Amino acid sequence: MFLQGLVTVITLTILGVAIIGYHPLPTGLENPIKVQVAMGILKLLRAVRTVQEYLGYGSPYQNVKLHFLTPKTDDPPKSAAIGDLKVTRDTIAGVPVIVYQPKDNSGLYPAIVYFHGGGWVTCSADMYDTLMHEYAVKTGTVIINVDYRLAPEHPFPTPVQDCIDVTRFILQHGAKYNIDVTKVGVAGDSAGGNLAASVALKLTREPDLPRLLFQIIHYPAMQAFDLHLPSYIDLNQSVPILTQDQMAAFYAYYMGVNRENIDHFTTVISENRHIPADVRKSKLASFVDVKLLPPQYQTPKNPRPTIHSDYDAQVYAQIKDIVADPLFSPLMAPDLTGLPPAFVQVCEFDVLRDDGFLYARRLQDAGVQVKLHFGKGGFHGDIIIYIFVQLNSAESCLSEVYSFVKDRLGK
Ligand SMILES: *[C@@H]1O[C@H](CO)[C@@H](O)[C@H](O)[C@H]1NC(C)=O
C-alpha cells in the first residue's frame, strides 16, 4: 500500500516536472535532447518564480533579474583549483575583475578583456569562470573577466562605463599584468557583445591609446529601436532562454526604468510603440533596415503582432536620447569606420539573430574586416550553456574564435 502510494507520487512528480519543463523545440536545432533538458531546468526555475508571483511577489518583468545567477564571493575563483593558470581576483579602475594569467609570467602576453552576458542585469564574472579559463588556455592570452555593475541598481551608462574604464586601464598600464598593450582585444556575449562593441567604438576614437587588435561579439543585443525585426517575430518562442518581451525588459532596466514602471515600459517597447512615426523614418531607421539582412531573412515568416494602441509619447520622452546613443546601441553609431577587425557569432535560433547580422553588415559596409560565424543549429546563449553540457554549435563557434584570435596575433 505504502509502496504503491510512493510510486504514484514519484510518477506524478516526474510527469509534472516533464509537463512544466517541456517546450517544443524547432527542428534543425543541434543537440536537441541536451537543449531540451537544459531548457527544462530553466523553465522549472522560472516556474518557481511563477508561484512566487502568484503569491504576490512581483511580476515576471519585475523579476527578470535572476538573483541566483549573480552570487558574490571572495573565495578563489573555481578554475584556480585546476592549477594550470594563475587565476586571481583583483580590482581595476575600481571594478572587480578575475584575471587569468600564465603560471610562468615572464615576458609580455596578449590579452582579451571579456564582458559577460545577462541582459546588463544578471549573471556575473564568476558564472563565466569556466568559459574564461578555456578562452585563456586555448588562445594563450591573459583574460580580464570584468564584473561590471548591473542594472537596475546601476543603469546605463554605468555598466558600459565600467567596461570602458577597465579596458582603458589595460591599454595604458597593461604591463602591470605582463600584458603587451599593442595586442589587446575585447570580447563578450549577448549584452556583453553589446558592451564589447561599445568599448571598441569608444576607445578606437581616443587617439592617445594603443589600438585594440580585435573585437569578438557573440550573439549581441545591439539596438532597442526596432523590436519587430523578423528574428524577433519568427524566433520569439523558438528556444525559451530569451524571448522578445524579456529582451524588452532587459533594455528597459538598462535604460534606467524602475521596478514600478517596468511592466508598462516593457509592454510598450515590446509592442514597438516607443518610437514615433517620424523617427521611424529618420536616419536612425536606416541603421536597422531589414534590407541590410541576408535576403532570406528580410521578411518574417510569421504574421506581425497586431497592435491596437498608438505610440506612447511619455515612454519616448524618457528614453529617446538613450535609444540613439551609440554607447547604448553601437548599431546607432553613424560612423563605424576604423574599428578593429570583428568576429561576429550569429545563431540560427535567436531573437537577436538580426541584430548580429545588421552589425556585421554595417561594419563590413564601413570597411571593417568581419569574420561572420553563422551558427547553424545554434541558439542564444549556447557558449555559456556549453559549460554545463557539450554542444556542437558552441564547440564549433569557439574553435573558430580561437583560430581568429591566433590569426590576429600572428601566431
Ligand atoms: C513573444 O512572446 C511573449 C510571450 O512569452 C509575448 O508576450 C510577446 O508579445 C511575443 N512577442 C512577439 C513579437 O511576438
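Keep in mind that glycine also has a Cβ here, set from the backbone N, Cα and C atoms.
These features come from TrEMBL:
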- SER190: active site (ACT_SITE)
- ASP350: active site (ACT_SITE)
- HIS380: active site (ACT_SITE)
- 112-265: domain 'Alpha/beta hydrolase fold-3' (DOMAIN)
- 310-381: domain 'Alpha/beta hydrolase fold-3' (DOMAIN)
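The domain 'Alpha/beta hydrolase fold-3' (310-381): residue composition by secondary structure is 27 helix, 18 strand, 27 coil, according to DSSP. Under the DSSP three-state reduction, SER190 (active site) is assigned to coil, being neither helix nor strand. For the pair ASP350 (active site) and HIS380 (active site), the C-alpha distance works out to 5 angstrom. Most Cβ neighbours within 10 Å among the active-site residues SER190, ASP350: this distinction goes to SER190. Taking a C-beta cut-off of under 8 angstroms and a sequence separation of 6 or more, HIS380 (active site) has the following same-chain neighbours: SER190, TYR219, VAL239, ILE241, LEU242, CYS347, PHE349, ASP350, VAL351, LEU352.
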